[in-house]
Every structure is written in structure tokens, then in C-alpha cells.
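Worksheet for the structure shown next.
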Amino acid sequence: MCILIFVGTNGETFFNTVNLVSCVQNFPKSRGPVVGILKGFAGLGGAILTQIYAVIQTPDHASLIFMVAVGPAMVGISLMFIVRPVGGHKQIKSSDGMSFTFIYSVCLILAAYLMAVMILQDLVDLTHTVIVIFTVILFILLLIPFVIPIILVFFSEPTDLAEAALLPDTSKQEAGKSENDINEVIFSEVEDEKPKDVDLLPALERQKRIAQLQAKLAQAAAEGAVRIKRRRGPRRGEDFTLMQALIKADFWLLFMSLLLGSASGLTVIDNLGQMSQSLGYDNAHIFVSLISIWNFLGRIGGGYLSEIIVRDYAYPRPVGMAVAQAIMVFGHFFLGMGWSGALYVGTLLIGLGYGAHWSIVPAAASELFGLKKFGALYNFLTLANPAGSLVFSGLIASSIYDSEAEKQAHQHHPHLQRDLGSIFFGSLGAEEPPKCAGSICFFLTSMIMSGFCIIAVVLSMILVYRTKIVYANLYGKSHT
């Protein structure tokens, strides 16, 4: 079973990497929306497969396993020649805004439809015919986005050849980049010694001022007054290899912020069944479905709002991550207090915040460390999720829950004494492990997770402060 899970999850990683890297390279000017839509649909995949399985309606679980094994594989084989980098937009097309808005609208309708169907199937005993109708409507909603490429191919106006000739050729730029880097001396002293008021100037004025400083520095170097040193490695915003990124403080700030934020949300997802049972809810699966929908909306919304932040205000994208983590602080607090209806509010806030991480972080990593080695950079960052979950969920949450369950068991049965071996390894009999009831079961865990999210907000804001110049250079021209 361990080997099968290993193979399966690595297969999912290949799907994720190929689609994400290809689409980010194809739409470098719209990274937030692209990542948000892709990660959002990845989050909805489980709900969609669940609805398809409801149509099969068979008690044989082998049918479900067969469908999950064969279905995605056939889709991947049929589409693997289509999903590839094709050069990307050289500039933002006028149709991009309407296209992404249309797909966002379909995503929201799809999420609302799935939520309504799930709740209806949970409350009402529907006939098989009605379930089939619901599934057919689901497939229609999934196919609607195909309207966009069809319209653009057959009905869009062709690009003027004279206009296209004026656009920069990205492939030629990449090919000639290394040759230019060899002959070009990067004036590191300009970055280190420039006055602070230079960064406050508009983008065009800032470039002129830096050019003047570079000219003075070159003249001084020619006269032998100063010695110019060559900067080693790329600067932020250029293409990094994984090893080059691993020695940068910004990369580790992004990694640790993702670890603390996303892993605290994953801890809630992992323990949602026990949380709902401890608070007196019988149907835990309704909260699992709800947090999946909120996770989807968080991914879609995170990509959309972070794109507004960088596109309209030329402000660092990690500020969106800080907002998501601040939302999760309150979500963990609600879960810990265990008030009436707090689980609904908590799953809403945690789902939105957790989902936003997975649309903001990949886009930010591609902007700060480039697209050339984006696959390796992104997959290293995703290690934060299982690493944090191993500690937060596997050690902290489970240990606190077991401790509270033991206390309640001794309170109800004072004569019951368990030896050290039975506590850690369980007894050989059929006795079930003690269960915990009440908000106390996850109160301390939720407060610890809330504290981790506060630390994550601080790390994200440090990253925002350090990368303001990078984003001003990347997006300042279009903004000014």
C-alpha cells in the first residue's frame, strides 16, 4: 500500500508540474489568474470525481478505484501533446481580460453548483435519474471554458504583421541572454550606494537616475578611481537555478511563510473529522465538502486579487499571502473557541486562506526567481506542505488530542489505569482508543496554529519589504 501511494502521489506531481509550468510560461503576463484557475480546478477534482461515482452507484469499491486509475490516465494521454509551452504572449492582449473574467465566472458558478448538489444529496434521498441529470449539467459546466479558445481561433481579428514585428521576440532574447551577460558588467555598487530617494521615484525617473549613476561610475572606473566588481549570480526577477535560489534569504522567507501558513491549514483539513465529532456533529463529510469548496474559492480569489495588487499598484504579490494568513489567524481562533456555528465560520476562513497560498506562492516564485527552472523551484516549495503537516498534525495536534482524551477517560472511569505500553502502542484487545469531546480537544492546537499564522504574516511582510523594488521594476512601467 505504501508503494502504491508513493507511485500515485508522484504521478499527481507530474500532472501538476507539467500543467502549471506550461501555462505560466504561456501566460507570463497573467500568472496570478492562470495559477489560481489551475490550482482551483485541481482542488475541485475530488468533488467532481465523487459526483461521477455517485452516477455509477455500486457498492463495489473496486469500481471507484478502477475509475480513478483509468480516467485521469486516459485524459493525460489524450491531451499530453496539447499541453506544452508555445512561446507565450509577448504582451497582454485586449481579449485576455474578458477571457479570464469569463472563466472566473464559470469557476464561481461551478463551485456554487457543486456545493448545492452536495448539500441536496446529503439532505434528500434523490433518485438515480436526478443524480444523472445533475452530473450531465456538471459536465456541461466543465466544457463551457472551451468556448474561449474556439472564439479566439475562429473569430478573433488577426494580429497586424507590422505590429507583431515591433514586439520583442522572447526566444531570441533568451538565446542571446547568456552572450550579453558575458560582455555586460553589472554595476553592483549602483544598487548598494544609490540614495534612498531613488527608490521613491517613478519607474521612468528611477531608471534615468540609475543610468546617470552608472555613467558616472563607468567614468570613475576608467580613470582608475574605483574598482568595479562583477555581481555573481542572477538578481531577483531573473532566472535562478534551484541551487542559486537556495542561498537567497527571500526564497527561505517564502518557504517558511508557506510552511507555517499552509501546513496549519492542512492540519485542520487532516483533523476535520475528529474536530466535528468532538463538537457534537454527526456528519463530518459535510464540512469536508464545504472546506473543499472554500479551498477552491481561495485559490481562484487569491490569484485574482494578487494580480490586481501587482498589476494595478505594482506592489509585491506576497502581500496577498499575508492577508490570507491573517484570515487564517481568525479561522483557527474560531475553531479553538468552539462556539455554536464556529465550525462553519472556521472552515470558511481556513479554506479561503489555505487555498490562496497555492495560487499566490507559485506566481510569486516565478516572478522573483524566473521561469527557466520554475518546475524545480515550485516543487521544492511544495515540500513545505508535507513537512509542516508531519510536525503540526502528526505530532502537535494528535498528541494534544490523545492527551485530552486520556484525561476525559480517567475522569469518567477513575478506576481505569493504563500502563505506559498501552498508551503508546495500544492494547492487543478490541478496546477502541478513547475519544475526546468538547472544544477543549483542539483548543490548544488551534491557538498554536493561530500563533504560527501570526509568525507567517510577519515573514510575509518582511518579504514584501525586501521585494518592493523588484515588483516596482517588473510592473512599475505599466502602472506609471
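Glycine is treated like the rest: Cβ placed from N, Cα and C.
Record features, source TrEMBL:
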type     : residues : note
DOMAIN   : 1-150    : domain 'Nodulin-like'
DOMAIN   : 245-407  : domain 'NFD4 C-terminal'
TRANSMEM : 37-56    : transmembrane segment
TRANSMEM : 62-82    : transmembrane segment
TRANSMEM : 102-124  : transmembrane segment
TRANSMEM : 130-155  : transmembrane segment
TRANSMEM : 251-269  : transmembrane segment
TRANSMEM : 284-306  : transmembrane segment
TRANSMEM : 318-335  : transmembrane segment
TRANSMEM : 341-365  : transmembrane segment
TRANSMEM : 377-401  : transmembrane segment
TRANSMEM : 437-465  : transmembrane segment
Seg_contact(the transmembrane segment (130-155), the transmembrane segment (377-401)) with at least 3 CB pairs under 8 angstroms, min sep 6: no
Contact check, the transmembrane segment (37-56) vs the transmembrane segment (437-465), 3+ Cβ pairs under 8 Å, seq sep 6+: no
Recorded stretches the transmembrane segment (284-306) and the transmembrane segment (341-365) touching, at least 3 CB pairs under 8 Å: yes
Model confidence over the domain 'NFD4 C-terminal' (245-407), averaged pLDDT: 89
Secondary structure composition of the domain 'Nodulin-like' (1-150) [DSSP: H/G/I, E/B, coil]: 123 helix, 0 strand, 27 coil
Result, the transmembrane segment (318-335) in contact with the transmembrane segment (437-465) (3+ CB pairs under 8 Å): yes
Beyond the flanks of the transmembrane segment (62-82) by 6 or more, those residues with Cβ under 8 Å of it: 15, 18, 49, 52-53, 56
